[in-house]
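Below: the structure, in structure tokens.
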């Protein structure tokens, strides 16, 4: 694509992502209401659809006052660091064969790097707030990301071995006309999904902002637009993890009859619904259970899956 087309597509994608994150907040609340046998938002607009617009306007008009003694540089930087890397991660996501801003040779690694940056936002926000609850949340976030990032990378390496490339388009092309990698890599898909929940800080892996014991965790001292940026980063992270899962395991844009971008969007929406369903269905484990599961169960399984996949790939090549 020319520079002008790339700029135009980037602007359209930015607006679409911001709108999708807002609509997702409404959809999550409606779905949680249905799963918990209550109404959910139903006052602002038809079926409460404009509730996310009202919430956005409310947060834009609220005062954003840092606490006394806060490290202002870290306090202000953290919300931006939570949201902007997620937007950058979508720059390498291939929505169709030629519908991508930059199809990097290391696209998968780039997205993983952007997801890993979220922990810096959480730690900076906790440190800058000078609040005990926030610091506990930041420490939990750092330990959790260290544990789950380890097998997040290993779980997707099976797809990279089968496709022979880190490029998003090549991974989707390897699944076209054949089996999706979720059928060839069921264990890898399950482990990647669990690690994705942790990377997006979603229940049951949201112990860094556990309301029962940490008030709001690293976000305790935030309000107004800074608070909104943290939430925007969280919902964009869900969409980014869902987009990466779709690319790696669900054939990306591949599908019959409908155009590729529509298939891609439907698959991402389905994965996002599963995220919400798990939030309604699962309890929150103890912190030590969560970390023990990552190091003692998930990491060995990810290594085993990688070894078996490598053996199969070498056998094919031979």
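Every residue gets a Cβ built from N, Cα and C, even glycine.
The following features are taken from Swiss-Prot:
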TRANSMEM  4-24  transmembrane segment
TRANSMEM  77-97  transmembrane segment
TRANSMEM  106-126  transmembrane segment
TRANSMEM  146-166  transmembrane segment
TRANSMEM  179-199  transmembrane segment
TRANSMEM  214-234  transmembrane segment
TRANSMEM  238-258  transmembrane segment
TRANSMEM  262-282  transmembrane segment
TRANSMEM  293-313  transmembrane segment
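Sequence-remote contacts of a segment are chain residues at least 6 beyond its ends whose Cβ falls under 8 Å from one of its Cβ atoms, and for the transmembrane segment (77-97) they are 10, 13-14, 17, 103-104, 107, 110-111, 114-115, 117-118, 120-122, 124-125, 128, 168-169, 172, 218, 222, 225-227, 229-230, 232-234, 236-237, 239-240, 243-244, 247, 252-253, 259-261, 264-265. The listed stretches are 214-234, 238-258, 262-282; of these, 238-258 has the most Cβ pairs under 8 Å to the transmembrane segment (4-24).
Within the same chain, residues 74-75, 77-82, 85-86, 88-89, 92-94, 134-139, 141-142, 145, 149, 152-153, 156, 160, 166-168, 171, 199, 201, 208, 217-219, 222, 230, 233, 237, 240-241, 244, 248 sit at least 6 positions outside the transmembrane segment (106-126) and bring their C-beta atoms closer than 8 Å to a C-beta of that stretch.
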